[in-house]
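In what follows, a structure is listed as structure tokens, so that the remarks can point back to it.
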Amino acid sequence: MIKLHDLYFKPFISEEEVDATVQRLVDEIANDLQDEIPVFVGILNGSFMFVSDFVKKYPKPCEVTFIKLASYEGLKSTEDIHRLIGLTQDLSGRKVVILEDIIDSGNTLKEVHRIFENENVDELKIATLFYKPEAYKKDFKLHYVGIEIPNKFIVGYGLDYNGLGRDLPAIYQLKTTQHMTNLVLFGPPGAGKGTQANFLKEKYNLVHISTGDVFRFNIKNKTALGMLAKSFMDKGELVPDQVTIDLLNAEVEKNTGANGFIFDGFPRTNAQAEALDHLMDSKDSQINAMIALEVDDEVLVGRLLERGKTSGRKDDADESIIRNRITEYYKKTAILKDYYAAQDKYFGVDGVGSIEDITERLNKVIDKL
Ligand code: AMP
């Protein structure tokens, strides 16, 4: 994900796909023009990268020139096309191919046809790398089309948002949902995730979802889900993935419009981590960081036995169940450190000390994200 001025954009079309599309257009056009020496006319500014790659790939002699038109203001394509640089050479009798980076409303194309009205060229053809059929309002024929895209604002590979983004080698699409900060709070049982999540949600205005709390709520209310989860929880085992993933999805859906989430106790397996990535993706978002509270096992056992005196939690009352929960963590959950570390999203934080000190350590990590 990238930010240009005030807006966020997500990856849309890769560099490789753009390159293959340019090559296909080159092949089609070279095949049609055979031994004619064409004049390729790029429409500045957006087409500079396309034209450059196109003529480098073009297998036969050709000429290149540019005209400069301006139509976009911010995100809007305006009717009002300014001709900043017109044609600077005589093209009568020549085969001309216009190279456009993108055709949406067709307003620029109308101006191009006006420019060529009295030029007496032998042939005028239009090639465009990207085409938005839903936005196109004109009848001019498009002879060569690279990739049809939905009517969404894109940047990269020559295309800009208020001047930024032209230098990106791939194409990015405007994110229409608001930017969220999503944190996974990680660590073994008793590490202090719940306590810290309560501070973080206030400070960063995030929604805190603890799968353990949701299961306990269901158990208290004697729902079918609660009864199912109880059989696993009482032994300190993990509830099956699909049950937990469905529950997590439902909790996220209840909070559309959230500023972001703190996931506490989820994900606990690889399958859950992948499901979470998919869910975030469907929301045009992502996990920004996994922050792990690191605490020694013996400190954890001591903390949980202490909590068990008042929490009323069956799984906090018995040392062997506590140890089983810690074992489950190392067997099934600790591997997720690698999952997030591979994406440069893992941040370990010392979870021993006063609650305020640990909160301070967490704030430092989050403020740097
Ligand atoms: P916690 O409150 O996070 O310590 O979770 C208490 C218990 O709820 C765990 O020992 C599991 O039995 C169950 N549980 C909570 N979150 C998950 C999860 N993500 N996957 C599987 N089981 C979970």
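Sequential numbering from 1, following the chain as shown.
In case you wondered, yes, glycine gets a Cβ from its N, Cα and C as well.
Remember, it's a predicted structure, so these values are computed and weren't measured experimentally.
Among the features that TrEMBL reports, ATP binding site is placed at Gly190, Ala191, Gly192, Lys193, Gly194, Thr195, Arg307, Gly353. DSSP assigns Gly192 (ATP binding site) to coil in the three-state reduction, outside any helix or strand. Taking a C-beta cut-off of under 8 Å and a sequence gap of six or more, Gly192 (ATP binding site) has these contacts in its own chain: Leu293, Val295, Arg303, Gly351, Ile355, Ile358.
Residues or ranges marked as AMP binding site in TrEMBL: Thr211, Arg216, Glu237, Leu238, Val239, Gly265, Phe266, Pro267, Arg268, Gln272, Arg313, Arg325. Remark: Glu237 (AMP binding site) has Asn324, Glu328 as non-local neighbours, by Cβ distance under 8 Å and separation of at least 6 in sequence.
TrEMBL lists 21-161 with the feature domain 'Phosphoribosyltransferase'.
Under the heading region 'NMP', TrEMBL lists 210-239. Outside the region 'NMP' (210-239), and at least 6 residues removed from its termini, the chain residues within Cβ reach (under 8 Å) are 193-194, 197, 247-248, 251, 264-266, 268-269, 313-315, 321-322, 324-325, 328, 332.
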Contacting binding-site residues, sequence order - Gly190, Ala191, Gly194, Thr195, Arg307 vs ligand 1, Cβ under 6 Å: none
Listed binding-site residues among Gly190, Thr195, Arg307 whose Cα sits within 10 Å of Arg313 (AMP binding site): Arg307
Close in space, distant in sequence - Gly190 (ATP binding site), Cβ under 8 Å, 6 or more apart: Val295, Val299, Leu300, Val301, Arg303, Leu304, Arg307, Ile322
Rounded inter-Cα distance in Å - Lys193 (ATP binding site), Val239 (AMP binding site): 19
Other C-beta atoms that fall within 10 angstroms of the C-beta of Gly194 (ATP binding site): 16
